[in-house]
């Protein structure tokens, strides 16, 4: 097993996750099996109770693990399925060690950070690195480990110390360290500054880790003189200084690393059993990157949510939209709308914001209402859903978005003016959305319906069923405490709101579609978590197709895109492969 540790310096949020994912991608394209671990030095057990403003979105895994959004990057880049133990937090490690101490496993010893916490970290990494993450079930050969935060943070000290010991335990030829640092370029001088990187590497060396590659994040490509200066002061060869400047899309990052000889370096440094030249997989990335840069037509989607000031709050949603837009050869324009701005009360308090929000909504090609929690802004979302339904605008509601679509329909079509979710109005006489039996009101963490669940289609006459390849069922990831009340199902269906997908027991409403509408769909699950660059998520793909007016044509053709719309578009591509790469959708395994 080979281990690659990715650390960061100067500032957090520098792009360690994308660098780690890209390193994994180029190694996977060389034929290796790659897994990844994300270490978060916070004391929370998991990311489940975070505010989206605090740490971005909460990413959900197959096993129900609520984890850091970087694990979403790993899954999308490497097309793998991770588990909750691939996200290691200080809280998890301390809980693990304290539980062992309570059981008497330390035989009366004084339990300390060194060696007990550091040993537990090393054991966890070595154990988790061997868990298969690919569909073929083979054991990984390389484990990419991203250490969150920046070098020097007091929280990450036990982890740095653990890896200082770890490099000797697994031997030098099996461990290497990539250090990601910032090279700022102040606008006043226009000169690229190396001092932050020098200080960051010096601090890392002082803690006992020596970087093998120094990856410099910068706005423009590094000058040769700057590279040589970093090489001299950071005690690495010039070819070990890698420049990752700002690029048009993240699909370019693996290509950027490969062009600078990263594969050759790993080949020598880690003695990897691979060919020098990454093959077919990187050609797909090159095609995607080239294709992304050539897009001319634009499709605009109004994203009506609560956390729109911070795009990381909807990271997977945005990626799912991008994957689908790329698949139909369109540039994506997301119009972020704070749902509270659409509410009538805003028209009195801040009329300009109110009119700007409605202007954005009315000018969009499609409307998306993603998941969320809490009552703030829900009336604005209901207004947006009503507008999309009445104006025949393509609409997708995810999780809370689906629940509010049912609330809106109940109020405006069935005439139940007080219809609501018991989350927002516990005393309503028409509780069309109710909390689930699993929900434990006394505790917040881990009390939701989480992870991959099966949904069965109830009818053959369904747009969503066709988008999923006419399958009998689908398996997607969930994260919710509330659900549509099955008591009102008959009343809603009689008026045209059809529940075309339900859970295996037939008790939970999973997919809703409106008759006589171009595309009005709600899903209780979160399809964005399984979207991949080459395998877009069907609900998002349907929304994008409907938004550009191509959905009915696509369904008539048996759910096949025209050649100009698939990844077989090879204009300007020098790929040696002759086969056509069809667009794929999440695999449905029939038992």
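Including glycine, each Cβ sits where the backbone N, Cα and C put it.
Residues or ranges marked as N6-acetyllysine in Swiss-Prot (evidence: a large-scale study or a structure entry): 100. Among the features that Swiss-Prot reports, active site, for GATase activity is placed at 399, 526, 528, with the record citing similarity to another entry. According to Swiss-Prot, the region 'Disordered' annotation covers 562-591. Annotation source Swiss-Prot lists phosphoserine at 562, 568, 571, 573, 574, 575, 578, 587.
Taking the features listed in Swiss-Prot, we show where each one sits on the structure.
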residue: 100; record: N6-acetyllysine; DSSP class: helix
residue: 399; record: active site, for GATase activity; DSSP class: coil
residue: 526; record: active site, for GATase activity; DSSP class: coil
Neighbour-count leader, CB within 10 A, recorded positions: 100, 526:
526
Give me the Cα-Cα distance between residue 100 (N6-acetyllysine) and residue 526 (active site, for GATase activity), rounded to a whole Å.
36
Other CB atoms, at most 10 A from the CB of residue 399 (active site, for GATase activity):
22
Rounded to an integer, what is the Cα-Cα distance in Å between residue 526 (active site, for GATase activity) and residue 399 (active site, for GATase activity)?
7
Can you grab the distance from residue 399 (active site, for GATase activity) over to residue 528 (active site, for GATase activity)? Cα atoms, rounded to a whole Å.
11
Using a 10 Å cut-off, grab the number of neighbouring Cβ atoms around the Cβ of residue 528 (active site, for GATase activity), all chains included.
27
